[in-house]
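The structure appears right after this line, and notes come after that.
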């Protein structure tokens, strides 16, 4: 044995001697010593990569922890929900230590714990829906399991056949009925129904005590559901209806911010040097204006979910019995109808074709007034909805309609700035129209350029506050305009490209103004839906503002209030 050990040691010594010294290998020896140097360097690179991965993981963990803390600070309800979940499970777990006449309670306490885990939801409405589905599914499964269990016992040696056939019938009927469109909200109930039936039949067949197994599980499920509802309702309740109310109010405020931002940015000639690809694919981006109206448009699914939960909630606070939650969704739908126009306004800011700044300046005061009045109406409606107050007496849309009319009049007065007036027809009406149109009808002669307009060179009229100038800057605003404007671009006379650019830039300004006027027209639907909601929800009357009394003229003996 000793001789074998000595031989092994000698072999190791000879192998080390052939490899050379460690110092030589690190210094970069030649020949056979180089592979060891490479292996050491490879190990060093591997450790470096490992250190980088550990460092990256540490940074990601810190970032995750920071975001988790920020989420709790921004919405403390999430922290409360987690605490309530822990409290409900802790109370339910006390059944594990049950000691008494019914030892099965401690043995099968997992049913109560699973009920809490499955039922406990963020809002009370969602908890009620889950509880109803689980309770109904469990009750129906228990009744059918009891019936088929008795039938299987009576079947004698065909007991297993009856159990297998009953499971097939139950699974087939439940799986087919849950596909029916109106049964979609109860899909979870069908799953619980099938699962509970199978477990009860298997457990009863094993213990040969069907009735006791069924009753024990039903009692434990009821206990878990009761603990879940008591904790969720009595300790800092979170209502889905209130969340829906807050979401609709937020839509009003976000749309007002987007409207003012789009108009102000357009008038300040905000230029997007690079449009984010996320905006082009309708994803969340860093642009605040984009995110505001995007959140309004994309809130439909969230509103539908909250609506389904809110209809299950009992009366609470200022929300009376049979509260018209569907009217909140209707109001939000009218707001989305306006949000599409704000989206179009933002699209004008992102477009390749832009109107020159001096032409925008001509309509700047009117455009800004319309946006300010429109945003004011949205904020007023949002504040009224938040306070659940009716609108004050008077026309809510009076000032925004007046602003829109002023903008329309300005467009009519300065219409030559929005079209290529060089191509207007001058002279007599075409002969083919002379027989069809009454000469005395002045409304139908607006499409022809008058002789006075022909004498005046309308393109030389200054559109800014400075000296008269031509729109030479228009060419610089279309750097990415395609060289072939149309399919027959080669047939264009020289200089037509520039005129096409000027005409398109003018039309872009007209498009922006028309979208803004359309937004004002759509505000009427928002006001109508709000008034309908305020009547059905019985909003409180607006506060009466008492004006200071002033004495009338001396000698009359009366006061004017």
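Cβ atoms here come from the backbone N, Cα and C positions, even for glycine.
Just so you know, TrEMBL annotations are computer predictions that nobody has curated.
Per TrEMBL, transmembrane segment is recorded for 79-98 (among others).
The feature transmembrane segment is assigned by TrEMBL to 110-129 (among others).
Remote same-chain partners of the transmembrane segment (136-155), defined as residues 6 or more beyond its termini with a Cβ less than 8 Å from a stretch Cβ, comprise 161-163, 166, 170, 186, 188-194, 196-197, 200-201, 204-205, 210-211, 214, 217-218, 221. According to TrEMBL, the transmembrane segment annotation covers 136-155 (among others).
The transmembrane segment annotation in TrEMBL covers 161-181 (among others).
As annotated by TrEMBL, transmembrane segment applies to 188-206 (among others). Remote same-chain partners of the transmembrane segment (188-206), defined as residues 6 or more beyond its termini with a Cβ less than 8 Å from a stretch Cβ, comprise 130, 132-134, 136-138, 140-142, 144-145, 148-149, 152, 159, 163, 166-167, 170-171, 174-175, 177-178, 213-214, 217.
Sequence annotations record features per position, and here TrEMBL assigns transmembrane segment to 218-240 (among others).
Non-local neighbours of the transmembrane segment (110-129) in the same chain are 77-78, 81, 84-85, 88-89, 92-93, 95, 185, 217, 220-221, 223-225, 227-229, 231-233, 237-241, 243, 306, 308-313; each lies 6+ residues outside the stretch with a CB under 8 Å from one of its CB atoms. Remote same-chain residues near the transmembrane segment (161-181) are listed as 141, 144, 148, 151-152, 155, 187, 190-191, 193-194, 197-198, 201, 205 (criterion: CB distance under 8 Å, separation of at least six residues from the stretch ends).
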